[in-house]
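Record features, source TrEMBL:
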BINDING   Cys97, Cys100, Cys136, Cys139  Zn(2+) binding site
Amino acid sequence: MEQHTDDINVPQILKNVGLRVTPQRDAILSHILKNRGHMTADDIYRSIQNVLPNLSVSTVYNTLKSFSEAGLIREIQFADAASLFDANAAPHHHMVCKRCGKLIDFYLPSTPNVTHIAKEANFHIEEMHIEVSGICSECANN
């Protein structure tokens, strides 16, 4: 059964991960959960500044960092672009369109070759992020 964002208890989510409930955290997390996309901190700031006129960009950045550290969201960093924040904190990877920048989530059940190589090197993998670049179907058809 699909859960609607109206049914999500944001204050309880914040409390469950040990974060104090503030109007800023509530508004930012509500926006992220409602929109479920890949957003920059500036996108989020512009979207909710009318709700919280005294909100600063630095508060948004600090809040997103707290959410990421708590496992509520995932920060995606690209070498030449602003970080994106992903509401999907579950392990997954991304396909990136080189023309329009669209990000598409995809899942791999496991990556046995990487796991095997790491084991041979006596290396413990904690996280793995795979980024595949190419052209999305919308751009390919235009």
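Note that Cβ sites are derived from N, Cα and C of the backbone, with glycine treated the same way.
Of all the binding-site residues listed (Cys136, Cys139), Cys139 has the fewest other CB atoms within 10 A of its CB. Other than the site residues Cys97, Cys100, Cys136, Cys139, same-chain residues with C-beta atoms no more than 8 angstroms from the centre of those residues' C-beta atoms, the Zn(2+) site, are Lys98, Arg99, Gly101, Lys102, Ile135, Ser137, Glu138, Ala140.
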